[in-house]
Amino acid sequence: MEQNGEANLTAPLLQPNGSVAVDFPHESSQSDKKTRKVLLRIREIQCASCAASIESVVGDMKGVESISVSPLHGQAIIRYNPEFINAKRIKDAIEDLNFGVNEFTDQEIAVCRLRIKGMACTSCSESVERALLTVDGVKKAIVGLALEEAKIHFDPNITDSVHLIEAIEDAGFGADLISSGDDFNKVHLKVEGLNSSEDATIIKSYLEAVEGVNHIEIDEVSHKVIVAYDPDLTGPRSLIEHIQEAGHIPNIYHASLYTTTRVRETEQHHEITAYRNQFLWSCLFSVPVFMFSMVLPMFSPVGDWLSYKLYNNLTMGMLLRWVFCTPVQFIIGWRFYVGSYHALRRGSSNMDVLVALGTNAAYFYSVYTVIKALTSESFEGQDFFETSSMLISFILLGKYLEVVAKGKTSDALAKLTELAPDTATLLSLNVDGNVISETEISTQLLQRNDVIKIVPGSKVPVDGVVIRGQSHVNESMITGEAKAVAKRTGDKVIGGTVNENGCILVKATHVGSETALSQIVQLVEAAQLARAPVQKLADKISRFFVPMVVVAAFITWLGWFIPGETHLYPRSWIPKAMDGFELALQFGISVLVVACPCALGLATPTAVMVATGKGASQGVLIKGGNALEKAHKVKAVVFDKTGTLTIGRPAVVQIKNFSKISLQELCKLAAAAEVNSEHPLAKAVIEHSKKLHQQYGFSDDHLLEAKDFEVHPGAGVGASIGDKRVLVGNKRLMLAFQVPISLEIQDYVSDMEHLARTCVLVAVDAVVCGAFAVSDPLKPEAGRVVSFLNSMSISSIMVTGDNWATATAIAREVGIEKVFAETDPVGKAERIKDLQMEGLTVAMVGDGINDSPALVAADVGMAIGAGTDIAIEAADIVLIKSNLEDVITAIDLSRKTLARIRLNYVWALGYNVLGMPIAAGILYPFTGIRLPPWLAGACMAASSLSVVCSSLLLQSYKKPLQVQDAQGRGDYSNYV
């Protein structure tokens, strides 16, 4: 991360995901905070009378605070209190007056995340998506099978998270709220002494008086208070103090943070425990059935008692197997019945349907044999109780191992969330900045502008800026950077990093969900939820997979039963104590239970989860499966020059004066014109002018005021300073304003450009008065990265707004052959499109606002982490530590991941393609080998587990390029 002083401290280091469009207004009036606005487009408004009738009817509705209807534009703006009415009721009221409401515009879109329980395969996740999309007001729903989460975009005027959860439960799945879009700055408090509605009213009135409080929820039963607040105005510590101030004898309130336990980890643990316990209970009954059926009869006389006839042909062994199998079938296996019922009710099918069909066929046929044996003296048949019980046991074992393995796919993300320390040392300072007291508090209680002390060896709790002291901070856990970074007064520090050798005082600038660490976690979670295009293959197959398997099982049964009855195959093929029907039934059941749709559904999401988590731990944030899939196809990487190939901190190395104007005056005019520019070259000119003022002690060192400031993209700036018109920029700017350039100036510019220096010309009143030669050193790893890309058969291209000579010199130094120079931001995007027209998949690597059009136009946009927020928002991949070697890491990781996904599909599909024919008995006539149903069930469980374990192998991913540089990778402070 860059060290850039105290500038822009209010901007987050990484922007949040931007998908949440619901904000709390910041007006101080509490009534305004509860008011929402909706803009409706209304048809058939003929005149002011129509508008008046709509205003009259809607205005009288309870909860509507104001309405304004424009007959000219056919629009209505309504402000209302959502506690009493919603936008849909307002829309219905207008339609009852025989006016059409075309659309909602300026809709508020809220986002919530739900934990989904009970999903087993892709068919389940699709069913949840369909159920959510049928809810009125839902705009978009994404369901992640491996993550077991859903992210829903909805109109809060029409529906809410409660209705969404009800829709999921109606579809036969469980759901819990993880977070809603307005949770961005919320604090959950536990309040002792909150026992009645009177207490709730007192606490609410005190909190509403606090500036910055947006919304309050009070639950008297659980003694909890949830407060949404503006972190610029207040914070959790202040809110706790106000609640405790509200207490008075006999009602004394004590508020403390209510930290919800890590729900995901807790639920994973419960799920693992549940499957383990179910498997153990199943074994308790299944092992005796297996012993009575397969083992003891082989050892005479030990097992002879099992053949003892109780009544007619009903034996002791048959009765015991029935007794022990029944609890497994109907109590332990009840979950398969429930899953099958809900799947069939919603018109789909899943793994539960296959298991229920297979086990029921085996169990009820076995019951039939028991009844026949009980009622007949001559009936001889074999029961399959061991098939039913062992099948359920093996499937539960497979699910147990699968959930254990799936839990490990998010290990990298879990480690990121654990980086921030639990406590921090808060300092109280007097007006002179001296420390008055130290207090150890929970990190969650820190507020913006708090001053905290970081001692050697401790972790930085939140993002901030160093205000006193100096040290070296190990940022490897966030950026992957092995070398400790020097930090001194004015430098930024990141929450979760480790202070190594000095004591520093840090002023908190970003706390809670605004810290870089929190935003990295949010980006990775969003990426893991996003569905990769390659997942579409599994989605298509899942729609017809289970019905196809059922048909195949029925055909298998017929294919063995009919030839057996008509004696088309030898009687010797039928095992002893079986008949043709029973042999056919076993083959049919084996086909049912050997097929595994789960492995197909897990092939992509588990690999994406591991890859995005691993990438984040290595300093590469990949925003979803789509970016991951596209990156592996990249054949050309386009680099911006300034701040990407170069360090991005250009410095003036020479000044040339071409007029009688003094050097001091030249610098002052140039700095005044550039002061409003964000370009790195402008900052270099300003910084150099300040240094000259300090070095030579100019008496008049204040900055001149610039008026009529104009930016000319890709060329420079212009401004009026006093009575002078000043232009600062390149030759293109001078030619555009018809400023003559003498031969002497042209020779100087040419000489500098051949030295890879950029010339910034300064013209005063249409006369070039001087030039600043600016040099921006190359990043030490640039040449190695370009060379490595060439070895990967990826071409490197440079695009820059700089002049051709400087661009060519830089390109030659790093080994880039193709260059586009003197290109404005729109031109960069056009160059990208030209390359795409040639059939190339293009990645763009940039850092600035001027790169954002190209980042969007490229197939894969990669933003340098130290770049601007706009560039980071526009990119598909964020390189946190601003090191070019991570361009290679991102591409290589995507290639490895896609290769792993393909391998998963080959395994999952190959398993089903090979397993089903073997289960159907294709080898039996030739080899005598058949797959008993209980063994087929074990194979099905093993296939899902193997796919998850295959994805977990990505945890061992190593970077292909590790640049070892004497200066220290990524530490460019010596160049400033």
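Using the three backbone atoms N, Cα and C, a Cβ is placed for every residue, glycine included.
From the options 319-338, 759-778, the stretch TrEMBL describes as transmembrane segment is 319-338. Between the listed ranges 353-375, 905-927, TrEMBL ties the annotation transmembrane segment to 905-927. Segment contact is absent for the transmembrane segment (583-604) and the transmembrane segment (319-338), given fewer than three CB pairs below 8 angstroms at sequence separation of 6 or more. Sequence-distant contacts of the transmembrane segment (905-927) (same chain, at least 6 residues past either end, Cβ-Cβ under 8 Å): 537-538, 549, 552, 556, 559-560, 569, 573, 587, 590-591, 594-596, 599-600, 602-603, 936, 939-940, 943, 946-947, 950. Model confidence over the domain 'HMA' (36-102) stands at 79, taken as the mean pLDDT rounded to a whole number. Within its own chain, the transmembrane segment (544-563) is flanked in space by residues 123, 349-351, 353-354, 357-358, 569, 580-581, 583-585, 587-589, 591-592, 595, 597, 600, 916, 919-921, which lie at least six positions past its ends and keep a Cβ under 8 Å from the stretch.
Residues 306-307, 317, 320-321, 324-325, 327-328, 332, 385-386, 389-390, 392-393, 396-397, 400 of the same chain lie 6 or more positions beyond the ends of the transmembrane segment (279-299) yet place their CB under 8 Å from a CB of it.
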